[in-house]
Amino acid sequence: MRVLGIDPGLTRCGVGVIEGDPGRPPRLLLADVVRTASDADIGQRLADLERSLVQYVAEYRPDAIAVERVFARRDVSTIIGTAQASGVVLLVGTRAGLQVAQHTPSEVKAAITGNGRADKAQVGQMVMRILKLDAPPKPADAADAVALAVCHLWRAPAIARIRQAQVRRELVQAQAAARARAANRRKLA
């Protein structure tokens with residue numbers, strides 16, 4: 001499975017691509033950052049980000065995209081830009097027909113280090129070990145994107161099983177409701 005991890009940001013958007021199979025260590029294909037000019041029009045910045053992400057999707061052909069779930073911060077202008085960049089990621093992934101999964105920072109930290117409150121240095125060290133790298137990916141935004149991709153690679157099978165169980169449960173509930181409606185119709189007839 002090939003996963004494109006994205007740490008959304010308007011000025012710096014981290015991008016990481018990894019590939020891995022169950023039982024084998026994943027390998028790093030890309031760690032990069034998409035930058036947009038902070039003095040440019042917001043619409044142009046989002047269009048530039050979209051264009052770059054479309055190119056990454058076309059070049060690396062991921063099976064899924066993992067993006068950091070936007071959460072509340074004190075700096076409202078930062079969260080707005082992050083949310084806008086995240087929206088572009090969701091749009092690019094959906095248009096490409098890809099599953100786009102959102103993971104919180106604590107989910108990523110827990111998946112990578114076993115501790116949902118790990119600091120960036122701990123996450124970087126574990127990513128380095130997991131991917132058998134000589135040093136953590138740089139810059140920090142790219143390292144975060146790679147960590148998101150690893151998190152999703154490891155969590156995707158469990159997420160798929162949960163979705164399958166939900167679909168089965170909904171099917172059983174729909175069948176039970178249909179049987180109940182049929183029984184009521186027979187009683188009324």
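A Cβ is built for glycine as well, from the same backbone N, Cα and C atoms used for every other residue.
Nobody curates TrEMBL annotations by hand; they come from automatic prediction.
What you see is a predicted model, and the numbers here were worked out from it, not measured in a lab.
Sequence-distant neighbours of ASP7 (active site) (same chain, six or more apart, CB under 8 Å from its CB) are CYS13, GLY14, VAL15, VAL67, GLU68, ASP141, ALA142, ASP144, ALA145, LEU148, listed in sequence order. Positions annotated as active site by TrEMBL: ASP7 (among others).
Annotation comment: TrEMBL describes GLU68 (among others) as active site. The Cβ of GLU68 (active site) has 26 other Cβ atoms within 10 Å, all protein chains considered. In three-state terms derived from DSSP, GLU68 (active site) belongs to an extended strand segment.
Counting every protein chain shown, the Cβ of ASP141 (active site) has 24 other Cβ atoms within 10 Å. Per TrEMBL, active site is recorded for ASP141 (among others).
DSSP assigns ASP141 (active site) to a helical segment in the three-state reduction. The Mg(2+) 1 binding site feature in TrEMBL is assigned to ASP7, ASP141.
The feature Mg(2+) 2 binding site is assigned by TrEMBL to GLU68.
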